[in-house]
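Engineer: According to Swiss-Prot, the record shows the following:
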TRANSMEM  68-88  transmembrane segment
TRANSMEM  110-130  transmembrane segment
TRANSMEM  131-151  transmembrane segment
TRANSMEM  164-184  transmembrane segment
TRANSMEM  194-214  transmembrane segment
TRANSMEM  229-246  transmembrane segment
TRANSMEM  260-280  transmembrane segment
TRANSMEM  287-307  transmembrane segment
TRANSMEM  337-357  transmembrane segment
TRANSMEM  384-404  transmembrane segment
TRANSMEM  412-432  transmembrane segment
Amino acid sequence: MPRVEVGLVIHSRMHARAPVDVWRSVRSLPDFWRLLQVRVASQFGDGLFQAGLAGALLFNPDRAADPMAIAGAFAVLFLPYSLLGPFAGALMDRWDRRWVLVGANTGRLALIAGVGTILAVGAGDVPLLVGALVANGLARFVASGLSAALPHVVPREQVVTMNSVAIASGAVSAFLGANFMLLPRWLLGSGDEGASAIVFLVAIPVSIALLWSLRFGPRVLGPDDTERAIHGSAVYAVVTGLLHGARTVVQLPTVAAGLSGLAAHRMVVGINSLLILLLVRHVTARAVGGLGTALLFFAATGLGAFLANVLTPTAIRRWGRYATANGALAAAATIQVAAAGLLVPVMVVCGFLLGVAGQVVKLCADSAMQMDVDDALRGHVFAVQDALFWVSYILSITVAAALIPEHGHAPVFVLFGSAIYLAGLVVHTIVGRRGQPVIGR
């Protein structure tokens, strides 16, 4: 018995020291530490920008609120993540990623000023959405560059852990940015003037991200000039980005399996997002209250994703990427059924649990791309992931918006989401089985 007690004490101390050990590992990698700081500043700005626009577009009585209008707003806000992904990947695999970060953040500052001005003068939805479209496109370049650069600043054996640290830090920053939006909205109102002030505030974290991007040396973030790199003109590299990325995905079953599971999760996220937005608009008379309830749901989902960032590295080491992702997809299919009653408190809890499961699937896919793909093509593959990530999301929202009633009471769509998870599990199981064992799997 004493031997067991001593073992338990040692085991507990090891777990207690784990965060300290991770922190020391982060600080021992100076370039990763700098990259992490850029991510934190950039994603705080992203969260603030997206929440400010959501308040202006979706919780403003002077603007559209029906399901198709909500779907259209989401499509415009996130279209850059799907359309520009292949081009971002091609440029990142050809240009110094430091200058991609610098250039994209500089462009973001200009667009932030433009969008803030559009809101300040009370212009219509079209110029506002066009400005948001371009601003989000530039934000996509930054996010893709940060992900593709990570293996350059982290030893291979630490990629999974440090990727989780990076994603967790970014998620927390985006969450804080989105919730910080509530303060100026409360002080200045929920109209266009308040939204304009929020957008102008985004310039602060983006400026910090820009300045911190300048601290890297030439080619520190990649890409490598390997023999597999795509040569020729820059135009050729941009145009062929998606083709090369897709071909690489097809050739690597571990990557293809991960992306299939991720696509299934994103389709369900789209359905659930539309349902919760319609439900809170229907049951809450005040737009501010509706926005707060919606933010609570998305915050719970983000908190679940944060927890997954902590748990996933251990799960992958114990069971491998393949089994871990399969388990997460199976759990998600079960959790989704519990939300069929469309009770908002229950949906918030399910959102938290689905945030855990979905982020586990994404991290498994990320580790496959970061460890199984040559650096010269990694940016292209991440671009394919970005495109799939957002196309599946936008398509599911659009299809659901055409069928879901305005009050949002459509439990059959919740059950359909569970079926999508099961389909993703089947595809992941079949495709992933073809993959050859690799280090870290």
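Glycine is no exception: its Cβ is also placed from the backbone N, Cα and C atoms.
I'd like these features described in context: how deep, what's nearby, how far apart.
Structural biologist: If one looks beyond the transmembrane segment (131-151) by at least 6 residues along the same chain, the residues whose Cβ comes under 8 Å of a Cβ in the stretch are 32, 35, 38-39, 42-43, 46, 49, 53, 76-81, 83-85, 88-89, 91-93, 97, 100-101, 103-105, 107-108, 111-112, 114-115, 118, 159, 162-163, 166, 209, 221-223, 366, 370-371, 375, 378-379, 382-383, 386.
Among residues of the same chain six or more beyond the transmembrane segment (164-184), those with a C-beta under 8 A of the stretch's C-beta atoms are 22, 26, 32, 35-36, 39-52, 55, 146, 150, 194, 197-198, 201, 205, 292, 295, 298-299, 302-303, 305-306, 309-310, 312-313, 359, 362-363, 366.
Tertiary proximity for the transmembrane segment (412-432) is limited to same-chain residues at least six positions away from its ends with a CB under 8 Å from its CB atoms, namely 253-254, 256-258, 260-261, 263-265, 267-268, 271-272, 275, 322, 325-326, 329-330, 332-334, 336-337, 339-340, 342, 400, 403-404.
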Engineer: Same chain only, please: residues at least 6 beyond the ends of the transmembrane segment (110-130) with a C-beta under 8 Å from a C-beta of the stretch. Say none if there are none.
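Structural biologist: Contacts with the transmembrane segment (110-130): 49, 53, 56-57, 63-64, 73, 76-77, 138, 192-193, 195-197, 199-200, 202-203, 206.
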Engineer: Looking at 260-280, 287-307, 384-404, which one has the highest count of Cβ pairs under 8 angstroms to the transmembrane segment (337-357)?
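Structural biologist: Result: 287-307.
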Engineer: Taking a Cβ cut-off under 8 Å, which residues six or more beyond the ends of the transmembrane segment (287-307) line up next to it in the same chain?
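Structural biologist: Contacts of the transmembrane segment (287-307) (Cβ under 8 Å, skipping residues fewer than 6 from its ends): 51, 54-55, 58-61, 167-168, 171-172, 174-175, 178-179, 182, 185-186, 190, 269, 273, 276-277, 280-281, 344, 347-349, 351-359.
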